[in-house]
Amino acid sequence: MANPKEKTPMCLVNELARFNSIQPQYKLLSESGPAHSKMFSVQLSLGEQTWESEGSSIKKAQQAVANKALTESTLPKPVQKPPKSNVNNNPGSITPTVELNGLAMKRGEPAIYRPLDPKPFPNYRANYNFRGMYNQRYHCPMPKIFYVQLTVGNNEFFGEGKTRQAARHNAAMKALQALQNEPIPEKSQNGESGKEMDDDKDANKSEISLVFEIALKRNMPVSFEVIKESGPPHMKSFVTRVSVGEFSAEGEGNSKKLSKKRAATTVLQELKKLPPLPVVEKPKLFFKKRPKTIVKAGPEYGQGMNPISRLAQIQQAKKEKEPDYVLLSERGMPRRREFVMQ
């Protein structure tokens, strides 16, 4: 079919049959013609009504008789559901996150998404007073909802959804509604804009990367060490200590990665309090101007060189036009050809 999303006549017949609580029955009546060009006759029964039709295959005959039944049937037809509206209210296939990225680039403010821990459900208490399997059948787990924090410049938005991507789309939709009508901020000429860009870059980096970056600039050694591990195998708890020069901090989490990240976050607060490093200007490198290439046009130069290359080299040295070769004629047998060039 031209449109793969469009329902076939057989699908519509099945919906009609379900709506009227009856069962459609297809019956192959006959087949005729030679093997390479067979024709099949199929009968369709819906309740007390029957239709017949032919086709070059059984499937085509079924679709044809189903189409005929839809046109001629007197059974009450189900109400067709209207097409689903676009959830994003966005023309075409552009998602809110893609549209927001374009707007954020124009504003010079990157869109930064941060996943948030699921919010606790208020007034929800698990009922552990089960009496047998009967009550356990009706214990419905709460659906998981994802939450995302979106930062665009100085603006913050929160989104939620059944998936992480749906939560990002929800946050992007809120940001678009708030920022589309706002004027694009002008770029300041002073040093504040550079500082803000550095802050934006830092926001895209992990806490562990920032710790290593600061330590590298200040020539300070960095080490992460798991100092404690406790709890049952399915609920482990780790404590990691980070040392950056004379600074140290500890972080705890249910995984080594999380405890390392929390330790880095803690020590990062202390490292950011250090005075800024003095700006050292790099010495400018001066390059001596290379002398002009020696003109290799003398008669003693290039002895034994290919004459075509040598002649082109002489013309280039004189800054004149290169030789132009034209084939005037060719003669002789195919295996003993002679050519005349100008």
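Backbone N, Cα and C define each Cβ position, glycine as well.
If you look up TrEMBL, you'll see 83-94 marked as compositional bias 'Polar residues'.
Marked as compositional bias 'Basic and acidic residues' by TrEMBL: 193-202.
Among the features that TrEMBL reports, domain 'DRBM' is placed at 8-75 (among others).
Annotation comment: TrEMBL describes 95-181 (among others) as domain 'DRBM'.
Sequence annotations record features per position, and here TrEMBL assigns domain 'DRBM' to 206-273 (among others).
Taken from TrEMBL, the feature domain 'DRBM' covers 306-342 (among others). In the domain 'DRBM' (306-342), helix, strand and coil residues by DSSP number 14 helix, 9 strand, 14 coil.
Positions annotated as region 'Disordered' by TrEMBL: 71-94 (among others).
Sequence annotations record features per position, and here TrEMBL assigns region 'Disordered' to 178-202 (among others).
Note on the domain 'DRBM' (95-181): mean pLDDT across this stretch is 77. According to DSSP, the secondary structure content of the domain 'DRBM' (8-75) in residues is 26 helix, 23 strand, 19 coil.
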